[in-house]
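As recorded in Swiss-Prot:
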ACT_SITE  Cys2  active site, nucleophile
ACT_SITE  Lys595  active site, for Fru-6P isomerization activity
DOMAIN    2-217  domain 'Glutamine amidotransferase type-2'
DOMAIN    283-422  domain 'SIS 1'
DOMAIN    452-590  domain 'SIS 2'
Amino acid sequence: MCGIVGFIGEQDAKEILLKGLEKLEYRGYDSAGIAVQAENGVVVYKEKGRIAKLREIVDENVAASVGIGHTRWATHGVPSKVNAHPHQSTSKRFTLVHNGVIENYELVKKEYLQDVTFVSETDTEVIVQLMEQQVSTGLSVEEAFRNTLSLLHGSYAIGLLDAENPNMIYVAKNKSPLLVGVGDNFNVVASDAMAMLQVTDQFIELMDKEIVIVMKESITIKNLQGETIERAPFTAELDASDIEKGTYPHFMLKEIDEQPLVIRNIIQKYQDENGEIELDQDIRNAILDSDRIYIIACGTSYHAGLVGKQFIEKFAKMPVEVHVASEFSYNMPLLTERPFFIYISQSGETADSRAVLVQTNEMGHKALTITNVPGSTLSREADYTLPLYAGPEIAVASTKAYTAQLAVLSILAADIAKAKGEVLDFDLTHELGLVANAMVQLCDQKEEMDALAKQFLATTRNCFFIGRSVDFYVGLEGALKLKEISYIQAEGFAGGELKHGTIALIENGTPVIALATQEHVNLGIRGNVKEVVARGANPCIISMKGLEMEGDSFVLPAVHEALAPLVAVIPLQLISYYAALHRECDVDKPRNLAKSVTVE
């Protein structure tokens with residue numbers, strides 16, 4: 001959610017900043033801007049809309065080797081050119097970009113900035129105006145920066161230019177991700193490493209409430225007390241090709257096709273030398289010492305958590321609760337005596353999940369993060385991490401991270417089951433290999449998926465997904481995918497709940513996508529399909545081989561029933577993708593959405 005880049009060196013800063021912002025497009029944004037230190041002062045370019053539009057207004061003839069850039073996802077103030085970053089102080093001495101939310105910005109306005117005329121509706125402008133006010137009291141820029149930050153409550157990642165000190169960028173962070181990249185006679189700033197892989201793979205991780213003075217040949221990290229901190233850079237384990245589409249028209253389609261490889265990679269990463277599943281002994285012991293597992297997540301990760309609950313309870317016979325992170329803090333249940341928390345987040349930066357983690361850490365409870373980004377905030381602040389090994393996921397709508405989460409959760413459940421002496425009736429690694437094979441088959445059936453999307457979804461206003469048992473949870477994820485990228489009003493329901501109200505919405509032609517992968521509820525979901533057909537619905541039944549019946553729209557390759565969610569979701573991802581194409585929607589960057597949701 002939002003993205004920051006910065007560059008200081010000898011090269012053309014404008015192009016590096018623009019390319020960096022393009023690499024951050026996946027995070028979601030509605031406007032973008034850059035500011036560069038030119039010969040006659042700081043020049044700001046910003047636009048509502050795509051970075052391509054911003055490129056059109058950037059003057060190629062302006063020479064600059066220092067600058068900052070930003071993609072904005074609106075929180076305070078509508079998406080507009082005025083509200084886009086960078087923002088400047090009244091005198092234009094200071095120019096600033098900011099990710100996060102300043103919770104007390106109105107109070108700061110009232111107490112310190114009564115005489116300032118504000119240009120935008122944003123909380124961000126308060127920071128840059130406060131910076132100017134603090135300098136006006138006689139403080140040095142560094143002192144003013146520290147004072148300014150001490151007066152702010154909330155989250156921030158900040159990049160600041162000072163027109164009177166053009167050879168440095170001031171940087172700070174609190175509860176919002178930010179890295180400093182190290183180069184040869186240049187340095188960079190970025191919300192994540194992908195933005196600046198074009199110039200370096202060496203990055204320094206910043207901690208909360210740290211200030212950094214970035215110059216061409218040096219990086220100085222200090223705490224809010226002004227004490228210098230030494231920290232070595234790390235090498236980003238990414239390749240520039242990982243964040244390119246290659247021959248694919250969209251990242252989403254590329255990432256759907258990568259899922260078989262991801263599953264095989266996960267199997268390999270979590271096997272010991274004997275081919276047995278083997279997790280960290282400390283993770284296993286911490287879970288075995290607990291009396292209940294609490295899974296905390298948002299969105300797609302929450303849906304993965306629902307399936308994960310089934311894995312853990314069925315395999316390991318341990319009780320599990322799954323909670324939406326944004327509600328957990330306000331409605332925390334009565335916890336058991338020895339709870340263990342699992343946080344699921346693709347980015348590892350989800351603000352709602354982090355807020356809960358902070359609470360449970362303060363309570364002294366052990367926590368595990370399942371994430372695609374080791375070294376992320378959740379990974380650092382939890383006791384343990386299980387990586388997804390899915391590779392960068394660029395499309396806003398999650399696909400391969402979801403199936404990776406399911407695979408890792410199944411491995412975790414099997415490992416705990418083994419430690420408890422619970423015997424599975426199947427070989428998990430073998431069956432996951434069959435899942436990967438089935439995924440390959442499904443990814444080769446794109447024409448069939450396109451035809452289903454055209455038949456059922458090309459012109460509809462709404463759509464319902466139904467399933468029983470674990471198919472219900474897969475249906476929730478299918479509905480989310482469809483609404484995210486095609487803007488169809490799509491909802492997932494438990495098949496048995498239709499008659500308790502939702503069936504009132506069924507009318508002639510309403511598409512209902514039904515999942516039938518579980519033998520013990522196959523007849524039940526078939527009965528639900530008949531109920532909606534009787535009211536005029538247009539049914540699309542996706543069943544598992546061996547459970548299919550005449551009239552089914554698509555039959556999945558057979559896999560072990562427990563792992564059916566990993567294959568059942570593939571057609572739903574592809575159908576959503578093609579529905580979005582038929583409706584001429586922006587598949588990789590859907591409106592109003594952000595990939596990494598870093599505000600609460």
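Every residue number used here counts from 1 along the chain in the order it is shown.
Just so it is clear, glycine is given a Cβ too, placed from its N, Cα and C backbone atoms.
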Mean per-residue pLDDT in the domain 'SIS 2' (452-590) works out to 96
What DSSP gives for the residue listed as 'active site, nucleophile', in three states, is coil
The domain 'SIS 2' (452-590) resolves under DSSP into 69 helix, 28 strand, 42 coil
What DSSP reports for the domain 'SIS 1' (283-422) is 66 helix, 28 strand, 46 coil
